[in-house]
Structure formats: structure tokens, C-alpha cells
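This report concerns only the one structure given below.
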Amino acid sequence: MEKSLLQQARASYVPKLPIALRGAVGIKEGAPTQSADNQEEIKTLFPNTYGMPLIEFVAAEKSDAAAMNVGVILSGGQAPGGHNVITGLFDTIKKLNPENRLFGFILGPGGLVSHNYMEITADFIEDYRNTGGFDMIGSGRTKLEETEQFEKGLEIIRKLDIKALVIIGGDDSNTNACVLAEYYAAKQYGVQVIGCPKTIDGDLKNSQIETSFGFDTATKTYSELIGNIERDCNSARKYWHFIKLMGRSASHIALECALQCQPNICIVSEEVEAKDMTLNEIVEQICTSVAYRAANGDNFGVVLIPEGLIEFVPAIGRLIAELNDLLAAHGADYKDLDADAQRQYIISHLSDANKATFETLPADVARQLSLDRDPHGNVQVSLIETEKLISEMCAAKLKQWAAEGKYTGKFAAQHHFFGYEGRCATPSNFDADYCYALGTSAAQLIANGKTGYMAVVKNTTAPVEEWQAGGVPITMMMNMERRNGQMKPVIRKALVELDGAPFKAFAAVRDTWAKETCYVYPGPIQYWGPSEVCDRPTMTLILEHK
Ligand code: FBP
């Protein structure tokens, strides 16, 4: 691998670890836990892994661990820091016993089922320390949920004498990790399964998980780009920039970037849903800012749009729910028809209210909503050009306002989508340290015989030495939700809370941002330099833990 100069210098960064994980590690067990909701159903579905206690790691005199081989899987979308979870895991199992071996399953959970793996060796792993990306072993979105897949996986687990699997993934992948842990426990196979909280989306968090890894680096990367655009926009003063930001459902990324960059407008999907807003009302909100600023001679601005917005507009959300059921029950009847015939089939099967919504959407957006789903049943919102849809609707509204004499400015729009460019960025110090600690914790959970746990690290707004590492039973985060037309046990996704500190901080100042030019230019992630610049956590984390 040819390495850039930054990569070469960054390779020697030694991630900081919480004190409890630096030497020999012991565990402290808390009280039994309960699931987030639907306790009786979750308990019945997970009889072997329900109710386990929280675990905290503490410094110990010495720790004994039996020899063990471990398998690791990267699952779902890339997030900066994944490689450091693996280096933390590798270094710890080797420290526990140099004979221990680590196997990586290639291209995600599918690698376990198809027995596609490689051994991660000391030489090999050196090239990946503190690097972004998941290219060390690749990632994939295969959903592990069938008994046949679990049994197929067991064959290779037995062959490689693997004691435990570490699944590094988001809410869907950790839900599957929990199902797998329960299955192997019920069968008494003696195979442990441990999860790690990954996703740039920041929506895998709760009372026990402060943040998912990758959110810090991805939002800092986007904020650098948004700040650059703001400065360009404030220099030329002739464009409105519509920027769609990744985050499949929750608006945490958009909100964090807004807090860092202070754009004129940031739409928060959760607010749109709570206020039962229509697309037209969102457009009016933006146009009001455009018209106000134009009256002051400011024909420029920046609008942030979360990529999940479309699903949160209540009328469209109701349409998607019906489309999901239709897809589950009759998808096979129409998925191979041509585009027009598919559209007609769908229209003829929808309820009147949803049919009306479907017919008003541009054809490509309607098609995306009705057809393509990822293996977990999610609408692929990254493929929908919401930023163009909204800016075109704004242009039409402003034209109408101009005709009515309500607006006299010039409106020229530029469009951007920031998503993939943040997912593999070189991890910030925060993510490099956090991920290394998560990998170390996963190894310690395995060494202590735990299964069905997620590795966690808390108190992350304090200096790293004061971080608290441990494990949380995955069942504790679960509830029942409707997926693909059926009620399923899943990890509850954390959406932006409208009474939470980050949203309130934003809501308190956004009217000023909409009228004036208050841009902040965060600049690029810094890896060396003053700690207040290099080690600072996200504003979301700081505000949530004030
Ligand atoms: P995960 O939930 O798997 O971490 O993925 C997050 C994400 O980056 C979303 O923000 C985005 O909508 C989606 O993945 C894009 O998926 P893909 O990489 O398959 O295009």
C-alpha cells in the first residue's frame, strides 16, 4: 500500500486508553437490566440473554484469560475508526495470550456465511492503525437472521476454533448480533457474540451508549466543507446552497453541523414530523428567509437538509408505511414489471389518501420510495435528491411571490450532498481513542465469558483517562417495532429529541441565523496541536452531557 505523508505520520499515533483498560482488567457487575420497552415479549424471545447486568471494567491486580481465537465482522456503512476497533481488539487478545488469533470475515456478515475470511496478523494490521475506511476486511449489508446462516457460520467458527465473534455495526447489525448470541446460547454452542456501536448517523445511542463511533469524524469533515461553502457563499454573494447531509433517519448529523457552522437554515426531520409539516410548509420556511435576506441585498445563503427528511414528512411517512407492507406482501408481483406498469400497479393498490401523495411526487422520487430497499428494509434515502426537490420547489414559490409583489430578489441555487466523503475520513483523535477503547472492551468482555453484550465507553466528554469502559446487554436496548409488515425485536433508534439540549440550543438562535449572516468556519480536523482543538468532542455530546 502506498501511503500518504499524513498516513505515515498518523500511523505512530498511540490511542489514549481509559485508566481501567491500561493494565490488568477486572469486572464489576451491576443490577439486572430490562429492555427499553415490550419487556415481556423481549424476555420471551431472548430467554438466555435477557436481564443480564451492566458491566464496568475496573483496574485489577492481574487477569486470567483462557486462550481464545476471535472472529471480527464489519457490518453496514463505513464509519471512521472501525480499523481502530480491530487494532484495539487485536492488541488486547495478543496481550492476554500471544497464541490467540484474530480472523476477519471478508465483506461483512456475508463472509461468515460463505466462509470468506483472513487471519489478521501483526504485520498486516500495522498498515491500518488510525486509518479511516473499512478496507482492512471490507464491509457489507447481508442481514444475518436465518437459522441456516447461523449454522453455516458455526461450521467455520468450529473450523477456526473461534470462541467469540465481534460484530461492529449499527442498530440493525447489533439487533442481528443479539439474535445470533441468543441462538448460539440456546443451542449451548459455547460461541460468544459481542457488538460494537458504529454508525456516522449517531442514532445508536441511549442511556448507556453516549455516541456511536464515526459520528465525530464524519460531522467534523462535513462541517469543514460546509464552512468552506459558507465562506465562498459570503464572498461571491450570489448563490443559495442546498446541502443534503447523510443520516438515514435521524437528523443528528445535520443538527451537529448546524451547531458547528451556523447556516441560515437547517431542517430537522424530527421537528417536521412532530409539527405535522408538509413539504410546502418547509419550502415556505426557507423562502421566508430567502425573501428577508433579499430585501437586505443578501441574495445568498446556506440550507442544510437531512437526507432522511422525506420519510419524516407525515404524509410521505404514511405512504412509505403502506408501501412497505405492499412490498412485503406483493413485491414479487410487480418488481419485474416495467416502470409505468409498476407505477400503475402500485397506484391501484394504495389507499386513496396515500395514492394522492404518491401521485404528487416527482416520478423518480416515487419510484425510489416504492421499490428499492436495502437488505434491512430501509428506503435508500441517499439516492433521493431531496436537496434538488426542495430547491426547485423554493424557486417555484419565489416566482409566485415575485408575481404577487412579495419578493424582488435573485435566486440561484447550488446543490451538494455530503455523505460518502465523511464515512472513511482519517479518524479524529476522539474516534481513534474511542474506537481503540471499544475494541479493547470487546476483548475484555470475551475474556470474561460474556455474550449478547455491546462494548461501551462512557464519560466521553471528560479527558480519556477518566472514560469508563464496560458492557451493556443488547436486549436492554430493544423494543418491538413493525418491520417489513411484521412486529420484530429491534434496537430502538435514537432520533433527535426536540426537548434535548442540542435541539434547544439550535432553536434558540436559528431565527437570527435565518436573517443575518452568522457563519462559523470550523476548518479541517486537526490531529496535532492544542488539545482544545484536537481532542474536542462534538457539540451534541458536550450539550447532552453538560
Ligand atoms: P449504517 O447505518 O450502516 O452505519 O449506514 C449509515 C449510512 O451511511 C446512512 O447514513 C446512509 O443512508 C446509508 O448508510 C447509505 O448506505 P449505502 O452505503 O449502502 O449507500
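Heads up, the Cβ atoms here are built off N, Cα and C, so glycines get one too.
Bear in mind that the values here come from a model prediction, so they are computed numbers and not experimental data.
Taken verbatim from TrEMBL:
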- 69-444: domain 'Phosphofructokinase' (DOMAIN)
- Gly77: diphosphate binding site (BINDING)
- Asp171: Mg(2+) binding site (BINDING)
- Asp172: site 'Important for catalytic activity and substrate specificity' (SITE)
- Lys198: site 'Important for catalytic activity' (SITE)
- Thr199, Ile200, Asp201, Lys238, Tyr239, Met246, Gly247, Arg248, Glu307, Tyr420, Glu421, Gly422, Arg423: substrate binding site (BINDING)
- Asp201: active site, proton acceptor (ACT_SITE)
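Per Cα geometry, Gly77 is the residue among the recorded positions Gly77, Asp172, Lys198 nearest to Arg423 (substrate binding site). Proximity to ligand 1 at the level of Cβ atoms, with a cut-off under 6 angstroms, picks out Gly77 from the binding-site residues Gly77, Asp171, Tyr239, Glu421. Ranked by CA distance from Asp171 (Mg(2+) binding site), the recorded positions Gly77, Lys198, Asp201, Glu421 have Lys198 at the top as the closest. Annotation for Lys198 (site 'Important for catalytic activity'): spatial neighbours Leu74, Ser75, Gly76, Ala79, Gly81, Gly82, Val85, Ile168, Gly169, Gly170, Ser173, Leu204, Ser212, Phe213, Gly214, criterion Cβ-Cβ under 8 Å with sequence separation of six or more. For Thr199 (substrate binding site) paired with the residue listed as 'diphosphate binding site', the C-alpha to C-alpha distance reads 7 Å. The distance from the Cα of the residue listed as 'diphosphate binding site' to the Cα of Asp201 (substrate binding site) comes to 10 Å. Ranked by how many other Cβ atoms sit within 10 Å of their Cβ, the binding-site residues Asp171, Glu421 place Glu421 at the bottom. Taking only the Cα positions, the spacing between Gly247 (substrate binding site) and Asp172 (site 'Important for catalytic activity and substrate specificity') is 14 angstrom. Mean model confidence of the domain 'Phosphofructokinase' (69-444) amounts to 93 (pLDDT, 0 to 100 scale).
Taking the C-alpha positions, the distance from Asp172 (site 'Important for catalytic activity and substrate specificity') to Asp201 (substrate binding site) comes to 13 Å.
Under the three-state DSSP scheme, the residue listed as 'Mg(2+) binding site' falls in the helix class. For Glu307 (substrate binding site), the same-chain residues lying six or more positions away in sequence with a CB closer than 8 A to its CB are Lys244, Leu245, Met246, Gly247, Arg248, Val381, Ser382, Ile384, Thr386, Phe417, Gly419. Fewest other C-beta atoms within 10 Å: among the binding-site residues Gly77, Gly247, that description fits Gly77. Spread of the substrate binding residues is 36 Å (greatest Cα-Cα distance among Thr199, Ile200, Asp201, Lys238, Tyr239, Met246, Gly247, Arg248, Glu307, Tyr420, Glu421, Gly422, Arg423).
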